[in-house]
Each structure stands twice: as C-alpha cells, then as structure tokens.
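Here the structure comes first, spelled out in structure tokens, and everything after it is commentary.
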Amino acid sequence: MHRSLKIFGTLTSIGMVIVLMQGALVTKTESGEGCGATWPLCFGEVIPTNPAIETIIEYSHRIVSGLLGAMVIILAIWAWRKLSHIRETKVMAILAVLFIIFQGLLGAGAVVFGQSHAILALHFGISAISLATVVLLTTLAFEDGKPNPPALIVKKGYKGYILAVFAYCYAVIYTGAYVKHTQATLACGDFPLCNGQWIPMLSGPVGAHFFHRVAGTLLLILLVVALIWTLRKYSHYRSLVWTHILCVILVLTQYATGISIVLTGNELFVAMMHALIVSILFTTLCYIVMILSRNKAV
C-alpha cells in the first residue's frame, strides 16, 4: 500500500538529512558568506565563476535546499490526499510545509540582512523540526494498513515527563547551535574539566560552552530515567521500549562525539556526526510523542 509514497517519503527524508548536514558544514567551515550578500543568486550570478571552496559549499547547500523544499511540499500534498484518514497526517503536513518555508526564509535572511547569533542558532533548530515532520509523514505511510499501529495507554505522569524531555531536548539542540555560532566550541579546551576548573567563569564563550555541557549531561540523565521507567511499567509496548533504547544509545553517542569535538580540536567529521545524531534523537522523540498522543493518558 502507498508504495510510491513510501519511496518518495524515504528519498525526501534522506534528502533532508543531506540538507541538515550541508547546513552544519556551512557553519563549521564558515561558508555562510560564500556567495556574498546576494540571494538566491551567488554574487549576482546563476553559476558563479571561479568559485572558492566556501562558495561551492554555500551555493550547493542553497540548490539542494531548494530542491528539497519542493519535495517536502509535494510530500505534504501527497500525504494529505492519501493519508487524510490518519489523525496526525494533516498536522504533520502543515508543519512540514511551514517549517521548510521558515527554514528557507531564515537562511535567506541571514545572507541578505545578517542575523544575530541567537537567530542563526534557531536556523539549525528549525532544520531539526523540518526533518522530524518529514520522517513522521513517511512513517505514517508505512504504518497505514497495518492491523495494529502503535496506540498506547500510559499514566499522565509518564506522558507529561516524556513531553517535558522532548521539549528539553529541543532546548539543548538550540544551546549547541548557539555554541557553534558564537565560536565557543573550544572555549573549554579539556574534559571533564573546563580549562582546568570544575566550574569556570560563567560568562562569554566559556559560559555558553559550559552551560551546553551541563544541559547535555542532564538530557542524558533524563533519557536514562525515561528508559528505566518504560522498562519497569510499559515493557509490554515494544514500540515504546525500542524507541527509548534507541534514544539512550543516540544520546550516549552524542555525548561521546561532544567530548571528541573538544579532544580533537573540533575535527570536521566528528562535528558533523554531532549535528546528525542529535537530529536523529530529536526525530525519535517526536515519534514517541506522536504515538503517546494517540490515546488519552489515564
């Protein structure tokens, strides 16, 4: 059922991952001004002549983002028509279109007008939401027609806790993006200490970096608690158990790559993996929230 939609959704999801990674590469290599202050053209040209590597990185990101923007809109319309009988479809379709447009506008605005570090950090957060909505739309296509799609009965306290962790994860994503855009990635040059101190001066780049460390550590603890709670009370829900196990694996890997960024001097591959893993973690949490919303908590 919906074979073509599944294939297209899968391709769009993969494409969104590529866009997200390209965006991380633009930030890491400081290629955001690779096309000057012109958009959508590059230095006023459709095809820039004798482009520098920063120009290639930035302009290829624009081209792929534009293509994926069109694909997301097509996916949203397609899913709306074929999966409108599923409760989450219309909400996800609307969110997918809104956030991909918002993401594009933020990117264009950053080039033409320049933006504060706070707004630039938001761009990555919006990218994570865009990826999640596309993946969830694709997931709905795969779930449709199955006899027992995940519908869970859980306590209100558990559901509230998961929602809080979900929101907190997004906040941690934002703090990480803020660290990148404020050039605070290596403000603490060692680990677990920060420049030889357990608690450094909490101001400027060092303060931003240290705050992100603490926030990431707390996220790890919260997700481990969520997994233990799930195993103790809801082990009969396989979808809930395995997604929480995946979350803990992802957050542990994310934590390890964060440490590696410091110890390797912000090596490119490690930094890219750090951005990718947290986006997959957020998408997984979005799926958990979606299946928890299908039944009222008791």
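The backbone N, Cα and C atoms fix where each Cβ goes, and this holds for glycine too.
Per Swiss-Prot, topological domain 'Cytoplasmic' is recorded for 1-6, 84-92, 139-158, 231-244, 293-298, and the stated evidence type is sequence analysis. Here Swiss-Prot flags 7-27, 63-83, 93-113, 118-138, 159-179, 210-230, 245-265, 272-292 as transmembrane segment. Residues or ranges marked as topological domain 'Extracellular' in Swiss-Prot: 28-62, 114-117, 180-209, 266-271. The disulfide bond feature in Swiss-Prot is assigned to Cys35-Cys42, Cys188-Cys194. Annotation source Swiss-Prot lists heme o binding site at His61, His123. Residues or ranges marked as heme b binding site in Swiss-Prot (evidence: sequence analysis): His212, His274.
Known features from Swiss-Prot, placed on the structure.
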residue	record	Cβ within 10 Å
Cys35	disulfide bond	25
Cys42	disulfide bond	22
His61	heme o binding site	23
His123	heme o binding site	22
Cys188	disulfide bond	23
Cys194	disulfide bond	21
His212	heme b binding site	23
His274	heme b binding site	25
DSSP-wise, what's the residue breakdown of the topological domain 'Cytoplasmic' (84-92) into helix, strand and coil?
4 helix, 0 strand, 5 coil
What counts of helix, strand and coil residues does DSSP assign across the topological domain 'Extracellular' (28-62)?
11 helix, 2 strand, 22 coil
Which three-state DSSP class does Cys188 (disulfide bond) fall into?
coil
Who are the long-range neighbours of the transmembrane segment (7-27) in its own chain, taking Cβ under 8 Å and residues 6 or more past its ends?
34, 57-58, 60-61, 64-65, 67-68, 71-72, 74-75, 78-79, 107, 123-124, 127-128, 130-131, 134-135, 137-138, 141, 180-181, 268, 271-272, 275-276, 279
Using DSSP and collapsing to three states, where does Cys194 (disulfide bond) fall: helix, strand or coil?
strand
For His123 (heme o binding site) and Cys42 (disulfide bond), what Cα-Cα distance in Å is obtained after rounding to a whole number?
20
His274 (heme b binding site) and Cys194 (disulfide bond), Cα-Cα, nearest whole angstrom:
19
So which residues does the topological domain 'Extracellular' (266-271) touch in its own chain, when a touch means Cβ under 8 Å and the partner is 6 or more beyond its ends?
24-25, 28-29, 185-186, 257, 260
Considering pairs 6 or more residues apart, do the transmembrane segment (159-179) and the transmembrane segment (245-265) have at least three CB pairs under 8 Å?
no
Distant-in-sequence neighbours of the topological domain 'Extracellular' (28-62), which means Cβ under 8 A and at least six residues beyond its ends:
19, 22, 107-108, 110-112, 114, 180, 266, 268, 271-272
With DSSP, how much of the topological domain 'Cytoplasmic' (1-6) is helix, how much strand and how much coil, in residues?
4 helix, 0 strand, 2 coil
The answer for the topological domain 'Cytoplasmic' (139-158), taking Cβ pairs under 8 Å and residues 6+ beyond its ends, is 1-2, 5-6, 9, 79, 82-83, 86, 88-89, 92, 229, 233-234, 237, 239-240, 287, 291-292, 294-295, 297-298
